[in-house]
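The structure under discussion appears below in the form of structure tokens.
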Amino acid sequence: MNIHEYQAKEILSAYGIPVPRGRVALTSDQVERAAKEMGGRCVIKAQIYAGGRGKAGGVKLVHHPEQAQDYGKELFGRRLITPQTGPEGLKVRRILVEEAVEIAREFYLSITLDRSTSRYCLIASAEGGVDIEEVVQKSPDKIHVLTIDPYTGLRPFQARRIALALGLSGTLCEDCVELMLNLYKVVLEKDCSLVEINPLVVTRAGWLMAMDAKINFDDNAIFRHREYPDMMDYSQLDTLEINAGKYDLSYIKLSGNIGCMVNGAGLAMATLDVLKEFGGEPANFLDVGGGATREKVAEAFKIILEDADVKGVFVNIFGGIMRCDVIAQGIIEAASEVHCTLPIVVRMDGSKVAEGKQLLVESGLNVQTADSLGEGAERIVGMLG
């Protein structure tokens, strides 16, 4: 689950991590008033669920309130397009107005999950303010990574080593140690999959400060934090993804024209790969899970068909826990209800597969069945030309 930068900074501030003074604005008039509070010279930052805002024109230094208001008018309602948004971009509905800070040095600091070790790892670099991926490619020696033992947690001596490796000393070194320990508390207590500060800066006055912040919460832990759903900005989410969430479906919109319904995340990823191998372009990632009911399958199929980009559907199901006849019933119910005329290819195997295929054949829908993943992928790609 994503949240906005201003929300991430509120959390960091509550844990004793210094952040710039700021106000959130919902109108250009509020931008002007906030700029006056900041003394006129301030930074205007569009709030969207994506990085790369600066290069897209979503971050600007202004020198007086009227200029801030004008820039607010320009930003509100505008779609920012960044490498993380896709070609459609994300609409700006909120703006963070922050005090301008004189910066002496910039660093990168984050704590994230390392899925290869199933542990949190702390990542730091003296190359802050840029995409960390660029630093990894161009200067991997400037990246410092520490895997954190879950039994002992992040220890002060480990944080001190990182701070020294960043070139900090004296009071700044000790301040950085305290900041990293507090950051680790945020990760644990808030059930985060990522907490990132980029850049973490040393100001001209000699203080550490988090100039930009990103926090992602672990979706599987949201039930432990009743306040999290209220923090979500649904205007930043795809409508189909919101609908999928209501039925506990894992759905991600992609840019192709082949709708996909699969059970199991691993099989879903493999399905996308094979479609690409045959020259197809998946329109979505959709995992219905291992124990989906007929109703859940029907809702999943409807969500796929709501996407105007979808020109054909590929269903790839392995019936272990799920029965193939239940899958077939859900597909038939949904396709009949919305009067689907799109070509559909279904590859099913496992429990009740013969019964499932028979139901599809007798349904009267534009459905073809396949006996393997490769055969099914090749067929739907061929049908769409």
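From the backbone N, Cα and C atoms, a Cβ is placed for every residue, glycine too.
Take the substrate site that Swiss-Prot assigns to G320, I321, M322: the candidate from N263, N284, N366 listed for it is N263. From the candidate list K45, K91, the residue Swiss-Prot records in the ATP site shared with G52, R53, G54, E98, V101, E106 is K45. The binding-site residues recorded for this entry are G52, R53, G54, V101, N198, and the Cα of G52 lies nearest to that of G320 (substrate binding site). Counting only the Cα atoms, the space from N263 (substrate binding site) to G52 (ATP binding site) is about 33 angstrom. V101 (ATP binding site) falls within neither a helix nor a strand when secondary structure is assigned with DSSP, and so counts as coil.
Calculated from their C-alpha atoms, the gap between D212 (Mg(2+) binding site) and G54 (ATP binding site) amounts to 11 Å.
Here the Cα atom of K45 (ATP binding site) is found 47 Å from that of M322 (substrate binding site).
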